[in-house]
Amino acid sequence: MTLRIYDTAARKKRVFEPQDAKRVTLYVCGPTVYNYAHIGNARPPVVFDVLRRVLMARYGEDAIVYARNITDIEDKIIAASVASGEPISAITQKYAAIYNADVEALNVIAPTIEPWATGHVPEMIEIIEKLIRKKYAYVGDTGVWFSVPSMPDYGRLSGRKPEDNEAGARVAVDEDKRDPSDFALWKFAKPGEPEDAIWDSPWGRGRPGWHIECSAMAAKHLGRTIDIHGGGVDLTFPHHENEIAQSECAHGEELARYWMHNGFLDMGGEKMSKSLGNVVTVHDLLKAWPGEVLRFALLTAHYRAQLDWTEDLLKQAKTTLDRIYGALRRVWEADGGEARDTGVLRALEDDLGTPDALAELARLASEANTAADLKDAVAMANGRANLLAAGKLLGLLTKTPKEWEQGADTDENSRIDAQVQARVDARVAKDWAEADRIRKALAEEGVEIMDGPAGSTWRRI
């Protein structure tokens, strides 16, 4: 089956055909690192991680070059530095490390390349100089501006006109502009701004605009035309529209051949955002839930659809994963099976149809249970192989059944192991009262003991 993805620019699904099947390029806008990421911020890395896994299955792991940037200079970062008294680099390094650890806990594979904006200021200046020479940009009193009217087809990605811009979309009002829709390529430094937010340039000291950062990083690491550019739907306009304007006017080549955008997460019927104050951070969620539960929950809705984030969604995701891991446990020792071409890949090849892929994963778990009921060794081995292959595509089932059932607290697990062994010893000694006491005590802690031919094991319930 061919891979079909919804291209925002074309407003329809298109068959994906890379420029070079041996080097498939993917660029996704990464975090602005000044605070903890909320769970809505985690949707793009999870969605595009699934896309990356599908691409790896089709073209090979080494063929996929995936860049996800770090925005480490921006107005909110500067404000955080001024408020805290910490250097900008201390803030950005701290929160970039936390972000990467958080998304790693969601089974997101690290990007091939993680460019930081501040490491690419010379490349940004080079693009701006080219835009000025080609009359697409001009120097004003407060900065260097891109002239939106100079690009006749500006707005083709989003289908929006410059005057359609809405509040909060990061297009600043400034009397220095020739046109209200013009946007900043370079911002001149203001009195009192921290020195670590200022660079020299041919036009004066200052810092780059937000949009030019991605244009420079994508071109340097992936080339002037990339296969797929992704991000949240809120970036479609103006950020991605402005990236197109800068890059294509500077280089005279198409920036991206396919554009993909994921939908919002809602909480209480409103878009989740820091400005609305209705956010829950990934960092906090990971204290209460396994990362795989968060990932599963994020995949329950199609990536372009809005997803209502609730406690019930997390509970349902945990229950479903418990059942799937339970099936995997029953066939875990059955090695040597062959994974067949299941419906998981077919679902994902149709514009990342994760709801259908998860339904197929559940069906594979039922097959594995049936094979275990029948004690069919070949079917059990194949069931194990099918589950693990499907899990690899989705970024799920990355733990052993025992690890999943017992959690990750090693010290606590050792204590429970000792209690279970004490119960085994009590049963051998026919001290039934002690054995029953231990079982009840563990049950009160949410631990279930399972006795079988191979001995006694336990799981959290």
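Using the three backbone atoms N, Cα and C, a Cβ is placed for every residue, glycine included.
For Cys29, Cys214, His239, Glu243, the entry in Swiss-Prot reads Zn(2+) binding site, with the evidence type sequence analysis. When secondary structure is read from DSSP and collapsed to three states, Cys214 (Zn(2+) binding site) falls in the helix class. A C-beta separation below 8 Å, combined with a sequence spacing of at least six in one chain, links Cys214 (Zn(2+) binding site) to Tyr27, Cys29, Asn69, His239, Glu243.
Residue counts for the motif ''HIGH' region' (31-41) by DSSP state, with H, G and I taken as helix and E and B as strand, are 0 helix, 2 strand, 9 coil. Per Swiss-Prot, the feature motif ''HIGH' region' maps to 31-41.
The motif ''KMSKS' region' feature in Swiss-Prot is assigned to 271-275. If you look at the motif ''KMSKS' region' (271-275), the same-chain residues 6 or more away from its ends with a CB under 8 A from one of its CBs are 35, 38-40, 168, 264-265, 309.
Within 10 Å of the C-beta of Lys274 (ATP binding site) we count 16 further C-beta atoms, all protein chains included. Marked as ATP binding site by Swiss-Prot: Lys274.
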Mind checking which residues of the chain, 6+ beyond the ends of the motif ''HIGH' region' (31-41), have their Cβ under 8 Å from one of its Cβ atoms?
-> 70-72, 74, 76-77, 79-80, 91-92, 94-96, 98-99, 102-103, 264-265, 271-274, 279-285, 294, 298, 309
Among His239, Glu243, which are binding-site residues, the residue with the most C-beta atoms within 10 angstroms of its C-beta | Glu243
Hey, for the Zn(2+) site built from Cys29, Cys214, His239, Glu243, who else sits with CB inside 8 A of the CB center?
-> Trp210, His211, Glu213, Ser215, His229, Gly231, Leu235, His240, Asn242
Across the motif ''KMSKS' region' (271-275), DSSP yields 0 helix, 1 strand, 4 coil
On average, residues of the motif ''HIGH' region' (31-41) score a pLDDT of 97
